[in-house]
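Encoded as structure tokens, the structure appears first; notes follow it.
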Amino acid sequence: MKVLWAALVVTLLAGCWADVQPEPELERELEPKVQQELEPEAGWQTGQPWEAALARFWDYLRWVQTLSDQVQEGVLNTQVTQELTALMDETMKEVKAYKAELDEQLGPMTSETQARVAKELQAAQARLRSDMEDVRNRLTQYRGELQAMLGQSSEELRARFASHMRKLRKRVLRDAEDLQRRLAVYKAGVREGAERSVSSIRERLWPLLEQARERNAKVGALATQPLLERADALGQQLRGQLEEMSSRARGHLEEMREQIQEVRVKMEEQADQIRQKAEAFQARLKSWFEPLLEDMQRQWDGLVEKVQAAVATIPTSKPVEEP
């Protein structure tokens, strides 16, 4: 923007020093009409950021159109196209941000309605962007034609360009108003869905609130009773709980006593079984080794008898006398 204003000032100063001739009568007659065509629509509202961005887009274009031929020749370059593209992108960005803000603040609608409205909004955004691109392309075309007619009369070209701009402006305003209406419908539908959700939540929470109110009423009634009565009721409740715990403890002790008795009986039975098995095993061992011992005793006795008999049969030798 600073570059454009600098070019405007330099061109105006150059025109003053060159003693430029006054504009033709036809151009002076067309200028009020062009100014009237470029005035904003009375019914157009700029309450939302995207609407303000669209207004800035048209303000910039109106400023370009109100310049003289010499100034337009100096400023209608690629930078103007870039500025218009930036303003167009800003408008589309603000539209998306506004829709996202509605979704975040008011909550989603039903899936079917949300899909249908989202599709309609996308189509309206696409039409508005297409119209703004047509404006930018028409401005680029006008710049080329203006450069081609350098040094010639451009009243007819300016009149034709103003007519095209008027038609394009009507298209842009029509599609912008359509987008406004659809966003308003979307906002109303989202609010209605949020109200239905709140009503559903209220219906679900109402019984819980009634129960809480009843409990609070009971607690309040208890709080109004005398302290002695409440203490007596609490003592009876504690006494009942202690008696219940005592009976449970006695029951557990009886069960433990019975279990210990059963264990003692089982241990005595197992000890008797072990004793009987030991006696049986001892008897079996005795039955195994007694015949063997008796046989060994007989063999030993026989061996002793044989040794004694052999010793008895050996003759005793006489002692040898010395000469």
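One-based numbering along the chain as shown.
Every residue gets a Cβ built from N, Cα and C, even glycine.
Segment annotation: Swiss-Prot labels region 'LDL and other lipoprotein receptors binding' over residues 164-174 (candidates 32-42, 65-75, 164-174). The list of residues near the repeat '8' (240-261) in space but at least 6 beyond its ends in sequence, with Cβ under 8 angstroms from a Cβ of it, is empty.
Break the region 'Specificity for association with VLDL' (284-296) down by DSSP state and the numbers are 13 helix, 0 strand, 0 coil. Counting residues 6+ beyond its ends, the region 'Specificity for association with VLDL' (284-296) has no Cβ neighbours under 8 Å in the same chain. Broken down with DSSP, the region 'Homooligomerization' (272-323) shows 42 helix, 0 strand, 10 coil.
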